[in-house]
Amino acid sequence: DRQTLVAVLQFLRRSNLRESEEILRREARLLGDDLGAAALSPASAGLLGGSGSDADSGEALLGRGAGAAAVAIGSSVATVATSSPGVAAVATVPPGKGETRGRCGVGASSRRDPWELGCPCAGVSPWCWNTRIGAVVVEDQPDVSAVLSAYNQQGDPTLYEEYYSGLKHFIECSLDCHRAELSQLFYPLFVHMYLELVYNQHESEAKSFFERFHGDQECYYQDDLRVLSSLTKKEHMKGNETMLDFRTSKFVLRISRDSYQLLKRHLQEKQNNQIWNIVQEHLYIDIFDGMPRSKQQIDAMVGSLAGEAKREANKAKVFFGLLKEPEFDVPLDDEDEEGENEEGKPKKKKPKKDNVGSKSKKQDPNAPPQNRIPLPELKDSDKLDKVMNMKEAARRVRLGPECLPSICFYTFLNAYQGLTAVDITDDSSMIVGGFADSTVRVWSVTPKKLRSVKTAADLSLIDKESDDVLERIMDEKTASELKILYGHSGPVYGTSFSPDRNYLLSCSEDGTVRLWSLQTFTCLVGYKGHNYPVWDTQFSPYGYYFVSGGHDRVARLWATDHYQPLRIFAGHLADVTCTRFHPNSNYIATGSADRTIRLWDVLNGNCVRIFTGHKGPIHSLAFSPNGRFLATGATDGRVLLWDIGHGLMVGELKGHTDTIYALRFSRDGEILASGSMDNTVRLWDAVKAFEDLETDDFTTATGHINLPENSQDLLLGTYMTKSTPVVHLHFTRRNLLLAAGAYSSQ
């Protein structure tokens, strides 16, 4: 539309924006004399006017009507964005902002129509960068050097305190319903304004800004602020990780449309460009339609290093159901048959060739396809183990509020080597400890001692056809209750037994994961992939695969027969502190020091869930036996419960006063046990916690969660140790709870 272009060009000339005018003219192929000849027609004049109450005085904000052409002034950027179909829109943009969103700082997730302008402001915002030419969205190209230069915008350093206190005053005076939502802006703005001052070498202003406002931030950001306070010179920023996280990842705020409009209007009226620039540049505002959230609802969800998760991040479908158990015949127990005959009853048992897994004949509708990822074949020994498991399960105690489990506590005494990790085999026959002196120690907790396989020379003498060949290959001379495995060159932070009890994994500060044979008690493989300490490792419930996570911020999926990882899960902004396989082995959960939990799809490596809400690094994860829920524990002493299918927080269990290092559901999922550094084991009513969940569409869409005020009615019992922090919990197949930790004498 030529008239519109001419009007815009004349406006640019009047405003002395020669450069932008030149670029626009080149793009539109309009020559200078055309411009002089064309008079401003009433139609194009109308286009440049505002409409209704939304129009502001001052040329800087001219034209915010629905079909208006908006021109941003005050920087070298001219953006013309219109939503009327026949008008071409042209943008010149600075390099380095490769984002699929409008410059108005609003996430693409709230777009209503793919052909609308790149963002919901629909051309209303004079700062919008995502513009359309014909039907082509023009997006700016990212530029590597832009990461550091993001703070080059020079505002007047003396006015920063005024800007911030002005916004603070506005938010504190706004209505209660908006105040809680808008208060989320304080922390990211405070950090970015402080970093901007430091980067531009206004050190005294930065110091005074920090001292004046750091006390206003939420208590759960205190650790971050401590790191921030040590950054006082531009040089400090270069290699600082926290720094880079903040600058490269957009801080996500979830705000209702009403609150967002209120904020936008305020910043535009006040001409507060410095703050508006930060909002556009460094924040991702995830707008939802509906009631603003309350302070309590927001507090439950915020606190991570990069704000909340975008709602889009939790929309992908997750197959959280369990895989169907393979069917095979169970040989009948001799004792049972004899018992029945003695009473003179007919043998009813014989014809009933019980198919294992008969209870899960029907395919779970939420389960992944059986062959979605390749799983190892069942060996005969695995089938035998499954049979044993079924028999044990038949004698399992049904737990509940009226019937709590007994707890058997394994205390490591005189553990001067420093106990750093514990694991217990599924059949509860062995326990392993990882120690700070780089050793891995395996104990038998049954009368059966640990034995190694005989030497090759002795094995050649054995009759391989005999029934008890598996017994004969073991060397009785090596029998002992404890085996010590040497190989790591640093503290061992994670251990995991394979489901078939033939192998053991350990991971260490030395950056390696080692696979040990429990037949020979020697190291079979050292997996090198992490360059820094590896904090946790865990076998898949089906064996063969395992996962590791470490200081390099990524989790890796391995297979025992590959010396390089099959998948690398990257996305956390800090150390991956704990890892867990989903019961169906198709997903992996990772907890991190960035205070988020992520769920990864093993098939394609995608992140399918991001959970925020913890106020400290995550140290424990547990999936419910049915695969629907996840429990997480952190240094903040809270256990949070998550619905995996809907991607929502559904519960918060408060009671512990220190880091929670161990979480475990009972075998049927009725009880959740948590173990903490506060020397207690607590039992929670999982059935009650997960019943009556309100997961309607509205809750899912907006994340308005309603947690009960008090989690005490879910607490079934608290069990103190004398002075032993709990580092591991395990339910036996009959639902006896085993706990472990090292006695500390302070």
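Just so you know, glycine gets a Cβ as well, placed from its N, Cα and C.
Keep in mind that this is a model prediction, so the values were computed, not measured.
Sequence annotations record features per position, and here TrEMBL assigns compositional bias 'Acidic residues' to 330-341.
Here TrEMBL flags 353-364 as compositional bias 'Basic and acidic residues'.
If you look up TrEMBL, you'll see 155-283 marked as domain 'TFIID subunit TAF5 NTD2'.
The feature region 'Disordered' is assigned by TrEMBL to 330-384.
Using a Cβ-Cβ cut-off under 8 Å and counting only residues 6 or more beyond its ends in the same chain, the repeat 'WD' (412-453) has close neighbours at 385, 388-389, 459, 473-476, 478-497, 499, 501, 504, 506, 508, 510, 516, 518-521, 727-728, 730, 732-733, 736, 738, 740-743. The repeat 'WD' annotation in TrEMBL covers 412-453 (among others).
Along the repeat 'WD' (485-520), the predicted structure has mean pLDDT 94. Residues or ranges marked as repeat 'WD' in TrEMBL: 485-520 (among others).
Broken down with DSSP, the repeat 'WD' (527-558) shows 0 helix, 19 strand, 13 coil. The repeat 'WD' annotation in TrEMBL covers 527-558 (among others).
Annotated repeat 'WD' per TrEMBL: 569-610 (among others), in sequence order. Long-range neighbours of the repeat 'WD' (569-610) within the same chain, counting only residues 6 or more positions beyond its ends whose Cβ lies under 8 Å from a Cβ of the stretch, are 241, 245, 249, 303-306, 309-310, 313-314, 316, 318-323, 367-368, 372-373, 375, 535-542, 545, 547-551, 553-557, 616-623, 625-627, 630, 632, 634, 642, 644, 647.
Outside the repeat 'WD' (611-644) by six or more residues, the chain places 220, 223, 300-304, 307-309, 318, 320-322, 366, 574-575, 577-580, 582-584, 589-593, 595-599, 650-665, 667-669, 672, 674, 676, 678, 684, 686, 689-690, 693, 695 with a CB less than 8 A from a CB of the stretch. Look at TrEMBL and you will find 611-644 (among others) tagged as repeat 'WD'.
According to TrEMBL, the repeat 'WD' annotation covers 653-685 (among others). Within the same chain, residues 393, 396, 398-401, 404-405, 407, 409, 616, 619-626, 631-635, 637-641, 711-712, 714-731, 733, 735, 737, 739, 741 sit at least 6 positions outside the repeat 'WD' (653-685) and bring their C-beta atoms closer than 8 Å to a C-beta of that stretch.
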Remote residues contacting the repeat 'WD' (485-520) - C-beta distance under 8 A, at least 6 residues beyond either end: 379, 381-382, 385, 418, 420-427, 429-430, 432-442, 450, 452-453, 526-539, 541-543, 546, 548, 550, 558, 560
